[in-house]
Amino acid sequence: MPATRPLPELVCPAGSLPALKAAVDNGADTVYLGLKNDTNARNFAGLNFDDRTAREGIRYAHQHERKVLLAINTYAQGGDISRWHRAIDEGAELGVDAIILADIGLMEYARRRYPALRLHMSVQSSATNYEAINLAQELFDIRRAVLPRVLTLDQVKQVIDHTRVEIEVFGFGSLCVMVEGRCLLSSYATGESPNSHGVCSPAKFVRWEHGSQALGARLNGILIDEYQQGEAAGYPTLCKGRFEVEGDTYYALEEPTSLNVMAMLPQIIDIGVAAIKVEGRQRSPAYVAQVTRTLREALDAAGREPQRFSVKPGWTQALSKLAEGQQQTLGAYNRPWK
Amino acid sequence: MRIPELTLPAAMASLLGRLPATPPCWALVTTLNQLKKRDILPADMSLLAGHSFEVHVQDAGLRLGFCADEQHFKVASVGTAPDLRLSANLADFARMMLREEDPDTLFFNRKLIIEGDTELGLIVKNLLDSVDWSSTPLQRFMAV
């Protein structure tokens, strides 16, 4: 019987101050947030934190002995990288517990300017193997890496066994096409991508067309999908669209679905995952509260009695209501083939 | 307090639909201006100014039209296509406002309809999400 592992940190999203408070109040160990500009990958109109709300949020979290991470997870764009440097300066000045970075140029800046600042490697860095993670540790002393959602649980274990860097994995939330940090799909339609502008389907390019039969979703004029009466809608991103391919119309890239690792929590704890992340800074405080509460309960139960752990129907119900596409999957974690 | 699964009877819509929309609309606009004045609604008016909005409470047959300038929200006539229209049944609007339900969830489930300028819709949604009710007496009604 192996020694009991510590429970992974539950890392929850905050797109606004009430969402941050909802995460803290419902049992998040850590919250992550972004600033109101394109230095983060949820650069949506009206979302995120300014100086006042960031200060208040950090005060609230620290008062409750929780941690705050600042996501600066887009790639600094040539011409003017000062915004990204300023965001790092601001994070250091605000006193966040760590900064989540994707761009190695920014890792270098942060390490040089703020030697004591804790750095996490974003999922957008797309580091899927321990060699890449260990190199980032050697060069920039990163303390944690967030793994892209492409590895099986065995592969995650393989990474953990070969690095001293803490490993964070995704636990719940909308799944994207899962080539994080390497996805250029949306720039094909709009010229803007998550890496460059912090958003997959910029709202200014999105049009919802309310026809008599169906709801149409267009991204910069391209028809992404048509939802029939009563059919669940999804986010209007290219990867989740239904397209006509050789006379057949179907989800040519992926189906809208949500990741949910609840069923695997005992194994995730057992292999030594340091943190479990919930997706969804774009979602409201209601979502953050419901997901955080449910995962907190499940994680605590899995920690108490890993052998007897089973997913309660109430948990599944609570989460499936919130899921995009209203279906949930274990994603790549549970892939029988190699 | 959980809001029950409830749709107003059709007769209600046809009755309410015939009453003048100005009093409820005036009440909505006054509330918005008060919340803004007291710094509870952290509205960046530069993003809203010059735009027209309509809240369509489907089962109540109620259409509330308003617009914004650099300082205030104002009652506006409905009829012409607004820049942004949000439509839902009363119970779903209430769930959204009391943070029992996430607007994206309602949207995925086709219970919330967003028409017009998508970016403006996102600004409004995120504005409502960013209201910190904990500093107000209304907090006790909030689910979160």
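Along the chain as shown, residues are numbered 1 onward.
For all residues, glycine too, the Cβ spot is worked out from N, Cα and C.
Listed in TrEMBL:
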type	residues	note
BINDING	A:Cys176, A:Cys183, A:Cys200, A:Cys239	[4Fe-4S] cluster binding site
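All protein chains considered, the CB of A:Cys176 ([4Fe-4S] cluster binding site) has 20 other CB atoms within 10 Å. Cβ contacts within 10 Å of A:Cys183 ([4Fe-4S] cluster binding site), excluding its own Cβ and spanning all protein chains shown: 20. Look at A:Cys176 ([4Fe-4S] cluster binding site): DSSP puts it in coil. The secondary structure of A:Cys239 ([4Fe-4S] cluster binding site), as reduced to three states from DSSP, is helical.
Fewest other C-beta atoms within 10 Å: among the binding-site residues A:Cys200, A:Cys239, that description fits A:Cys239.
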